[in-house]
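What follows is one structure encoded as structure tokens, with my remarks underneath.
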Amino acid sequence: MSQINTRMLALNALEDITTNKVFSNKALNTILKKHQDLSKQDRAFLTRLVEGTLEHLIQLDYIINQFSKTKTNKMKKQILNILRISVYQLKYMDSIPDSAVCNEAVKLAKKKGFIKLSGFVNGVLRNIARSLEDIEMPNETSHPIRYLSVMYSFPEWIIQLWLEQYNYETIKTMCQESNKTPKTTIRCNKTLITPDALKEMLKDKNIIVEEGQLLDYAFNISKYNYLQDIDAFNKGYFQIQDESSMLVAEVASPKETDKILDVCAAPGGKTTHLSEITRQKALIIARDISQEKTNLIQENIKRLNLENIRVEVWDALIRDEASIEQYDVVIADLPCSGLGIISKKPDIKYNVTHDQIQSLVNIQRNILTVIQEYVKPGGTLIYSTCTINKEENDNNLYWFEDNFPYKREDITPLVSDKIKPYCQEGYLQILPQYFNTDGFFISKLRKDC
Ligand SMILES: C[S@@+](CC[C@H](N)C(=O)[O-])C[C@H]1O[C@@H](n2cnc3c(N)ncnc32)[C@H](O)[C@@H]1O
């Protein structure tokens, strides 16, 4: 496969993401699945080109606007995306000669039917290539919000929202961290294999394996082809899961005799972890809103060879009479804005709106109102999200405490020394920069007896 085709595939993926609002991981996976003949190198190039362009979209548009009389908001979408992937290569992919980037962009424009605009594409890109080092970015002191927005490609409203919640330096580091290439973290399924044996098995297949930051059964893996090509994956020896997300089951610390309900469980990361932690002794009910979603849980349960989980389609907003005060532990890992996982899903930062966040807060509160009834007196409720937005996290926790008969539980004894400094009373907010993981919020509440 030649580079021009790989770039064309990248362009198609970007169009799907930016115009048709397909999730970036879905758009990329669809293309990669369709083109299984791509070499490992081409796949890596395609993936980086799409993800990198997305990570830096606002900055790339800012640069293009300095050199084009037609501003990006007036450009034909396909031409704009050709310019974006090309400026990304000029600025961030040092190994590709500038002339190759410009030539390939011209070919792309022609292939897409824009023969007349290919000269425009060529002119803009050659000007950018010549002046890249001299482009003036917004001034950090006089325009700090604009500066962060352009430097790290975050919409200004998100920076503004965070400034109400965190200090400037924290936000700056968070933005930097969110733009880093994400790691693939795995959780060893200790019911089937020891972490050491898994590590050796993966290394034998020339996969690079690094120890996790927080848990001795977590590893970061790289230099593998497809996940489905890894024998250890097919045998259920590990599950892909970020380490901060693994802390949910650690903080829940269920007993083997517990009855556990996971109300928003798909694709089953935490459900299956809870099953492993309780050595398949606890009774676990895993629910999600649709059959399509619960099928994902089933797939993981089957692959990981776990037997103590019952899966049900159930809308968490609907009160289930039969579940009232039935569970020792209820896990509410609720839908959220996802601002903690931007390094994995960069499109989130462009697609989420403040109105959506407000309606998510309402959904989170409505679900919590229903499912808190399912906890037995003296039992525990875990509320978690993969966001770093306090409206959905701390504020929801305070609201919950004010309205329901629960008290926050000290989680410090349940986490390692590294994490303890970040524990507040009854909750933990992990920012991406703390441990190079996703941003995650985990709280633990005990129901009054
Ligand atoms: C953050 S994800 C859960 C991730 C999961 N706990 C894991 O560890 O793999 C949120 C889930 O909530 C589900 N969801 C959203 N609204 C729901 C509802 N009203 N009832 C049940 N599930 C819902 C979504 O389908 C999604 O799978």
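Glycine residues also receive a Cβ, built from the backbone N, Cα and C atoms like all the rest.
Matching D242, D288, D355 to the S-adenosyl-L-methionine binding residues that TrEMBL gives (C264, A265, A266, P267, G268, G269, K270, D315, D333) identifies D288. C386 (active site, nucleophile) and D315 (S-adenosyl-L-methionine binding site) are 20 Å apart (CA-CA, integer value). Separation of the C-alpha atoms of G268 (S-adenosyl-L-methionine binding site) and C386 (active site, nucleophile): 15 Å, rounded to the nearest whole number.
C264 (S-adenosyl-L-methionine binding site) is 13 Å away from C386 (active site, nucleophile) when you measure Cα to Cα.
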